[in-house]
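K.L.:
Annotations for this protein, taken from TrEMBL, read as follows:
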DISULFID  59-121  disulfide bond
DOMAIN    59-81  domain 'Glycoside hydrolase family 19 catalytic'
ACT_SITE  103  active site, proton donor
DISULFID  133-142  disulfide bond
DOMAIN    186-196  domain 'Glycoside hydrolase family 19 catalytic'
DISULFID  241-273  disulfide bond
């Protein structure tokens, strides 16, 4: 006759084990549960419904931004779209896709299916006004004859962004910035890298969307309140924030409202940055 496991365990150990299993607080239980992959929150069908025209012949990025590339890139950032409750996770994914949609939009006011169905139409900036080289930045020096113009879904720009993005993701962003417009997985990774990375004094977009943003005294004085509008401030606040009724800000909001509706979640408060001071 074999002894049962329970019969050989001391009663104190048994009690402690049961206490962990049945009495652990919610936060302690949560880490025991496997995270829901974002592919279960945003399926290919849903992704395609967001980006109805990204593969039209009119879009220069036709066939570049695939669903599979997005999902593969997201696996390098396991906290993206997996942090917080289900609504928070969906809202973060919607916010990211909305912001990159504005950055790459090919839409116009009377476009088929509306202006907010034309995200991911461009993979690089057309007719840039400069080569986006900050020659005063000695940490990430520009490589001769290279342009650090906007590329990828977040329109990564400037040598001081290409350098650290490349270092974090395993490519030479200063010598080979073109790869961001030539490799769709790397392109999505640069967007997610920007989203997930704190660049002080700016918080990360991720922290804002999952409730981890803690405003400093300077943030409070500048009215930089948590919400979708703060993401716009992080991404392009110097040009778009502090301007009531700015068309670019409204375009970002339009994408977000459409995507959250498709996700069946609310947008949350503070959608614009009209009365926020830029970082």
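Cβ coordinates come from backbone N, Cα and C, glycine included.
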K.L.:
Starting from the Cβ of residue 273 (disulfide bond), draw a 10 Å sphere and report how many other Cβ atoms land inside it.
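P.N.:
Taking every protein chain into account, the count is 29.
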K.L.:
Rounded to an integer, what is the Cα-Cα distance in Å between residue 59 (disulfide bond) and residue 142 (disulfide bond)?
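P.N.:
Residue 59 (disulfide bond) and residue 142 (disulfide bond) have their Cα atoms 30 Å apart.
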K.L.:
Between residue 142 (disulfide bond) and residue 241 (disulfide bond), find the distance joining the two CA atoms and give it rounded to the nearest Å.
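P.N.:
If we compare the Cα positions of residue 142 (disulfide bond) and residue 241 (disulfide bond), the gap is 29 Å.
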K.L.:
Using C-alpha atoms, which one of the recorded positions 103, 121, 133 comes nearest to residue 241 (disulfide bond)?
P.N.:
103
K.L.:
DSSP says what for the domain 'Glycoside hydrolase family 19 catalytic' (186-196): how many helix, strand, coil residues?
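P.N.:
Counts, helix then strand then coil: 11 helix, 0 strand, 0 coil.
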K.L.:
Work out, from DSSP, the number of helix, strand and coil residues along the domain 'Glycoside hydrolase family 19 catalytic' (59-81).
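P.N.:
Secondary-structure breakdown of the domain 'Glycoside hydrolase family 19 catalytic' (59-81): 8 helix, 0 strand, 15 coil.
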K.L.:
Counting all other Cβ atoms within 10 Å across every protein chain shown, which of the disulfide-bonded residues 59, 121, 133, 142, 241 scores highest?
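P.N.:
Highest number of other Cβ atoms within 10 Å: 241.
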